[in-house]
Structure formats: structure tokens, C-alpha cells
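Taking it in order: structure first as C-alpha cells, then the write-up.
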Amino acid sequence: MFTLRRKKQDIKLSKIPAHIGIIMDGNGRWAKKRMKPRVFGHKAGMDALQDVTIAASELGVKILTVYAFSTENWARPQEEVKFIMNLPVEFFDKYVPKLHKNNVRILVIGDKEELPAATLDALERARELTKHNSGLILNFALNYGGRAEIVDAVKLIAQDVLDARFNPGDITEGLIADYLMTSNLPYLYRDPDLIIRTSGELRLSNFLPWQAAYSELYFTDTLWPDFDKKALYLAIEEFNHRHRRFGGV
């Protein structure tokens with residue numbers, strides 16, 4: 001049982017989701033409210049990510065998958081995209097050492113072919129540095145699109161059928177899951193138990209559509225840079241009140 005003190009009553013958590021997905025939304029609006037450029041919000045968002053990752057690790061969460069950059073985000077202003085692509089470099093220098101000290105392991109899913117070399121290098125260094133850590137997995141969805149992930153999986157499966165590796169009748173949900181990008185995660189925890197979206201938007205925006213089939217969804221008006229340990233506890237508290245039926249009664 002984890003307890004966080006608050007003025008009116010304690011937040012008590014008895015059921016901790018093994019895998020949490022977060023759509024980190026609202027950096028630009030957070031900056032605008034402070035009359036700052038959008039990139040100011042992205043920097044503040046990295047502080048929030050570090051704090052939430054450590055808080056989740058302390059709770060015993062096994063995987064935290066964060067939607068860092070979607071395949072649709074390339075349509076944003078070029079200067080903003082350039083800044084976002086440089087964030088992994090800054091993240092490695094400023095935040096990864098502390099996360100490494102907290103036994104966090106870093107992984108990445110998404111289409112890496114379009115990412116700049118410096119971005120890829122920073123991500124690979126973070127992955128390599130933390131690969132032997134046994135704590136929480138911080139899984140970045142970077143240049144990720146859920147529908148494209150499924151299309152790519154179908155193409156690979158079709159090719160393997162043509163190569164006579166298995167028959168169409170052998171295709172199951174489990175086999176398809178093995179062809180998705182999240183196959184790099186521990187088998188029992190590939191699908192998020194809880195998906196959190198900040199900033200008040202009420203949609204998944206192409207985030208893990210296959211894996212989210214039975215995820216509990218939690219939407220909050222809190223902008224991502226303001227999402228902290230208490231906000232995480234409140235989301236998990238709501239998760240504790242849910243009854244997950246998985247299609248049953």
C-alpha cells in the first residue's frame with residue numbers, strides 16, 4: 001500500500017499498474033500561458049518526465065511508455081521540430097545519469113530511419129548505458145504511429161507466410177503482437193494497463209491502438225509540465241477504482 005499525504009485525505013494505492021502509457025500533451029500551451037516560446041514548454045516537460053519516471057519507479061511500475069513524438073508531429077513548425085529532435089541529446093546529458101542511478105532502463109520504439117544522427121546517437125547511448133538495469137523500463141515512442149506499426153507488422157507477417165515460415169491459419173493475436181514494436185518489452189507487460197493523457201484532450205492520437213484494446217484511460221486537464229508525483233498518484237488512484245472486465249461482466 002502506497003500513501004501520499006494531501007490536505008483533505010490521503011491518496012492510498014493498493015493496485016499498481018504494471019505498464020503505464022502517457023500521452024505527454026500541453027507543453028506548448030503551458031509555455032503560452034507564461035508568454036514564452038513553445039520550446040520553453042518542451043524543456044519543462046523533460047523535468048516533469050524525470051520526476052514522473054522516478055515516482056513511477058518508486059511505486060513499482062514496470063514499464064512507462066511515453067509518447068514523445070508522433071509521425072504526425074513532423075507537420076509542426078520546422079524550428080520546433082528541430083528543437084524536439086535535439087531533446088534526446090540534452091536528455092542524455094542532463095537526465096539519464098540520474099535515471100541510470102535509479103536503475104531505470106531506457107528503450108525506444110518508432111521509425112528510427114527519419115531521425116537525425118545526433119538524436120539516434122543519444123538514444124543509443126542511453127540504451128547502451130542502461131541496458132543492464134533491472135528497474136522500470138522507460139520506453140520512448142519517438143516518431144511513432146500506431147497504424148503504421150500495424151501496417152508494418154502485417155507486411156512482415158505476409159512475407160513470412162510467403163516464405164513458408166507458417167501458414168495463415170497459424171496467425172493469432174499473440175503472433176501479431178510478436179511483430180509489433182512493443183515485442184521488445186517483457187511479454188507479460190507489453191500492453192498498458194493504464195493510459196494517461198494530459199492537457200484535457202480526449203483522444204489517443206494513434207498511440208498504441210493495438211496494445212490499448214483493454215487499457216484503462218485517464219484524462220486530466222493538467223498540462224504535462226505541471227504533471228507531478230501527486231498527479232500520477234491521482235491517476236493511479238482512479239485506476240484503483242476501475243473494474244477491468246476484459247470483455248466480461
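Placement of Cβ uses the backbone N, Cα and C atoms for every residue, glycine included.
Noted in Swiss-Prot for the protein shown:
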type: ACT_SITE; residues: D25; note: active site
type: BINDING; residues: D25, E216; note: Mg(2+) binding site
type: BINDING; residues: 26-30, R38, H42, 70-72, W74, R76, R197, 203-205; note: substrate binding site
type: ACT_SITE; residues: N73; note: active site, proton acceptor
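Following the DSSP three-state reduction, the secondary structure of R197 (substrate binding site) is strand. Between G28 (substrate binding site) and the residue listed as 'active site, proton acceptor', the C-alpha separation comes to 13 Å.
Within the set of recorded positions D25, N73, E216, the entry lying nearest in space to R197 (substrate binding site) is D25 (CA atoms). Neighbour counts of Cβ atoms within 10 Å were compared across the binding-site residues W30, W74; the minimum falls on W74. Across the fold, the C-alpha of G26 (substrate binding site) and the C-alpha of E216 (Mg(2+) binding site) stand 21 Å from each other. Considering only the recorded positions D25, E216, the Cβ with the fewest other Cβ atoms within 10 Å is that of E216. Residue environment of T71 (substrate binding site) contains 18 other Cβ atoms, counted within 10 Å of its Cβ in all protein chains.
Counting other Cβ atoms within 10 Å of each Cβ, the lowest count among the binding-site residues G26, G28 belongs to G28. A 10 Å cutoff on Cβ-Cβ distances gives R197 (substrate binding site) a total of 23 other Cβ atoms nearby, all chains included. Sequence-distant neighbours of H42 (substrate binding site): residues of the same chain at least 6 apart with a C-beta under 8 Å from its C-beta are N27, A31, E80, F83, I84, L87. When the alpha carbons of W30 (substrate binding site) and N73 (active site, proton acceptor) are compared, the span between them is 18 angstrom.
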